[in-house]
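Q: What TrEMBL records for 1-20 is compositional bias 'Basic and acidic residues'. Feature annotation from TrEMBL assigns region 'Disordered' to 1-27. Annotation comment: TrEMBL describes 38-59, 71-96, 117-143, 159-180, 192-212, 224-242, 262-287, 307-339, 359-378, 384-405, 417-440, 446-465 as transmembrane segment.
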Amino acid sequence: MGEESLKRRKGEDSGREDRQSIQSDEPQRMNLQKQANLFFSPLYGICMIVGTIIGSGIFISPKSVLGNVGAVGPCLIVWAACGVLATLGALCFAELGTMITKSGGEYPYLMEAFGPVPAFLFSWTSLLVIKPSSFAIICLSFAEYASAPFYPGCDPPPAVIKCLAAAAIVIITLVNSLSVKLGSYLQNFLTAAKMIIVTIIIVSGIVLLAQGKTENFKDAFKDSKISASSVCLAFYNGLWAYDGWNQLNYITEELKNPYRNLPLSIIIGIPLVTVCYVLINISYFTVMTPTELLQSQAVAVTFGDRVLYPAAWIVPLFVVCSTLGAANGTCFTAGRLVYVAGREGHMLKILSYISVKRLTPAPALIFYGTIAIIYIIPGDIDSLINYFSFAVWIFYGSTVFALIVMRFTRKEIARPIRVPLIIPIIVTVVAVLLVLAPIISAPELPYLYCGLFILSGIIVYAVFVHSKLDWPQKITNPITMYLQMLLEVVPEEEVTE
């Protein structure tokens, strides 16, 4: 009896100590919870949106947008309208992302609505057109701003720009192939640069406006040239700067109460980016006439020379860092997309192998960088942006149309976020106009080549994916074995054992 009483007393003392320990830890746990709530709040979603969208486009696209519409007024309207379209598209993707919670971007949405062939065509086009051309555009943007200070008063030679862009692709590919951690450290360092330069340009523009630098805004619609083709091409270049809005549903799992905070983050975040873009363009026009802006090889460098002298070197330095950060982030994510496609059998199997020593998807990254360099050789920024936008808006429009189709064919699927039907209808109609208007009003061979390449994916799907014939494997197996030995890579399963 005495022993039982002693055990009971010890148990009570132990329980008391546990309760005291819990109570002493309670303020710390509550503080951590508050920090977590802040991290997963709409503020986190807004920061993710702004950081994802703002990249190299705002430093390259202003000249092309102005060149297509011809005047300050229509130029600013196009930038604002692109922001509205990106917001509506992001809301549609938010519904799709919370309705079909599978990774792979647009692939699972097209698969669910239309079947495997359209889904494969997206994968095929994304891997060989959309992602590599995006990488090439960003690295060409880097090359223009990196070379501009060395050629004052004239345009850098195209050969110099292309060699610098190719060197950037090689270096970024090597960094990401050698170490995942090194690539992420580089990304964190470069991401801060773009916010610094955006802030500098906007604040400088506001100060100049306050000082009365408004001459270029008088008769803002004079000499404008408006046609279906010119407006669509202006939208192509403007929407390139907003590219990344379709990635926003990927943060669903990181948000607290995503079904409320995700739409809220989109409604606040993308308009915030729109305001930044419009203010940056206004800042450019405070010191440059439309003619001077069109003649500038690097708009932000010209702005810095006129406003920040003798500290004008800050602008190209930070723009170079910003474009490198965008290129590094694109390489990091797209390399994984190639890796997944190889693992699923949609590309060569060697692309799904990883380095024995580095544990990185080195073959996928090398393949991706090689395709990007091929795009640089014949193309320039404007033609690549048009090529990219034409291809990407075919699938943006198809994906949003899939949302409309599934409203009627898949009514049983739960929709935590449900946008009004008029929104996907508007986005689909605009996507159709963006794709068809340039073809009808100003047809060019690159659009035909792009369309034929997309359709050629049907043949690839029939031969390599659907039929699963033996003879392609007899050809690819020796190539896979040779590259495996050369690159020292193995299937993922062998590394994880």
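For all residues, glycine too, the Cβ spot is worked out from N, Cα and C.
Whatever TrEMBL says is automated annotation, not expert-curated.
Please go over these features one by one and say how buried each is and what sits next to it.
A: Long-range contacts of the transmembrane segment (71-96) within the same chain: residues 53, 62, 65, 109, 216-217, 220-226, 231, 234-235, 238-239, 241-242, 245-246, 248-249, 252, 262-263, 266-267, 270-271, 273-274, 277-278, 281-282, 285, 290, 396, 399-400, 402-403, 415, 417-419, 423-424, 426-427, 430, each at least 6 residues beyond the stretch ends and with a Cβ under 8 Å from a Cβ of the stretch.
Packing against the transmembrane segment (117-143) from elsewhere in the chain are residues 55-56, 59-60, 105-108, 110-111, 160-166, 168-169, 172, 240, 243, 320, 323-324, 326-327, 330-331, 334, 337-338, 341, 346-347, 368-369, 371-376, 379-381, 384-385, 387-388, 391-392, 394-395, 398, 450, 453-455, 457-458, 460-461, 465: each is 6 or more residues past its ends and has a CB under 8 Å from a CB in it.
Packing against the transmembrane segment (224-242) from elsewhere in the chain are residues 53, 55, 57-58, 60-61, 64-65, 68-71, 73-75, 78-79, 81-83, 85-86, 137, 270, 273, 277, 382, 385-386, 388-390, 393, 433-434, 437-438, 440-442: each is 6 or more residues past its ends and has a CB under 8 Å from a CB in it.
Long-range neighbours of the transmembrane segment (262-287) within the same chain, counting only residues 6 or more positions beyond its ends whose Cβ lies under 8 Å from a Cβ of the stretch, are 42, 45-46, 48-50, 53-54, 58, 62, 72, 75-76, 79-80, 82-84, 86-87, 90-91, 94, 98, 198, 201-202, 204-206, 208-209, 213-214, 216-217, 241-242, 245, 248-249, 251-252, 255, 293, 299, 302-303, 306-307, 417.
Sequence-remote contacts of a segment are chain residues at least 6 beyond its ends whose Cβ falls under 8 Å from one of its Cβ atoms, and for the transmembrane segment (446-465) they are 116-117, 120-121, 124-125, 128-129, 345-346, 383, 386-387, 390-391, 394, 438-439, 472.
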Q: For the transmembrane segment (159-180), give me same-chain residues lying six or more residues beyond its boundaries with a C-beta closer than 8 angstroms to one of its C-beta atoms, as numbers and ranges.
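A: Same-chain contacts beyond the flanks: 135-136, 139-140, 142-144, 146-147, 186, 324, 327-328, 331-332, 335, 355, 358-360, 362, 365-366, 368-369, 372-373, 376-377.
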